[in-house]
């Protein structure tokens with residue numbers, strides 16, 4: 001894969017330019033001379049003259065290398081931190097040189113992973129990425145995750161605790177990962193790849209990606225239209241995928257395959273659903289957990305449904321699929337937080353009581 005072109009005149013411009021089909025014999029006789037140039041505080045050794053722009057290959061002597069006093073080795077370090085009962089471990093390593101980073105736009109950054117042990121409520125919202133992975137989509141202020149100071153929107157989940165015990169499971173596709181997180185018994189250990197605030201996991205290209213694509217394309221107007229069309233198509237594909245997942249999930253649910261149905265409903269929730277889609281999918285997730293007798297996970301999903309705008313409180317109170325959840329002591333307090341009719345009844349009772357006092361006088 002070709003690296004992005006840097007500014008003309010730089011070493012990257014000369015060394016990585018694609019070449020034509022000049023015979024090998026025309027290139028070998030070139031007389032070369034070593035010289036050193038300092039770039040960003042580091043000394044790099046170069047060959048002069050630079051590689052011919054007409055060649056079709058790189059010779060063995062055309063590789064640009066670091067001088068002896070600027071050689072860098074991969075470095076690892078581990079730091080442990082603890083705050084408010086959340087234990088964290090971070091590891092960081094320099095990416096190998098020549099990895100295709102756009103040195104003209106961004107400074108070279110380390111790849112960092114961190115592990116955090118979280119107590120419920122975790123205070124995290126997740127989203128499904130283009131690659132099907134699980135990404136941090138929102139962080140609740142003051143929550144368990146927020147207190148660690150490590151999480152950033154856009155970070156990628158790469159491993160989590162198993163449902164039981166101390167085993168660590170690599171993060172599978174989004175639906176399975178969410179199933180594991182919701183059903184976790186005890187503190188959740190989560191291993192995360194830091195993305196430095198990049199949110200390129202989403203369905204649309206970011207502004208930075210668009211600018212880079214425009215610059216590299218050479219035909220700005222056409223490239224912008226192409227990107228907009230790609231984003232529109234991706235939105236439509238996501239919408240169709242959500243509808244399909246919801247339909248397949250309902251069919252699996254009717255067949256009593258609640259765990260498989262959960263993965264479909266969770267996939268809907270991770271694919272940037274509309275508020276209506278999110279409320280329905282979350283309600284279905286709650287029903288699945290109720291059928292599996294996973295009370296806490298079911299209550300959590302039901303709260304998500306209510307926050308997304310699910311307002312059929314009569315159905316919630318009578319749906320046989322939620323029978324296990326309704327038996328919990330936490331069910332009524334949760335519902336009363338969102339049921340305006342219940343709040344209005346309390347206000348009306350208070351007013352009646354107040355007038356009753358006046359009548360007694």
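Every residue gets a Cβ built from N, Cα and C, even glycine.
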- Message: Under TrEMBL, the annotation coiled coil belongs to which of these stretches: 194-221, 222-249, 250-277?
- Response: 222-249
- Note on the structure: Between the ranges 85-112, 113-140, 141-168, 281-308, TrEMBL assigns region 'Disordered' to 85-112
- DSSP says what for the domain 'PDZ' (122-161): how many helix, strand, coil residues? 5 helix, 17 strand, 18 coil
- Message: On the 0 to 100 pLDDT scale, where does the coiled coil (222-249) sit on average?
- Response: 85
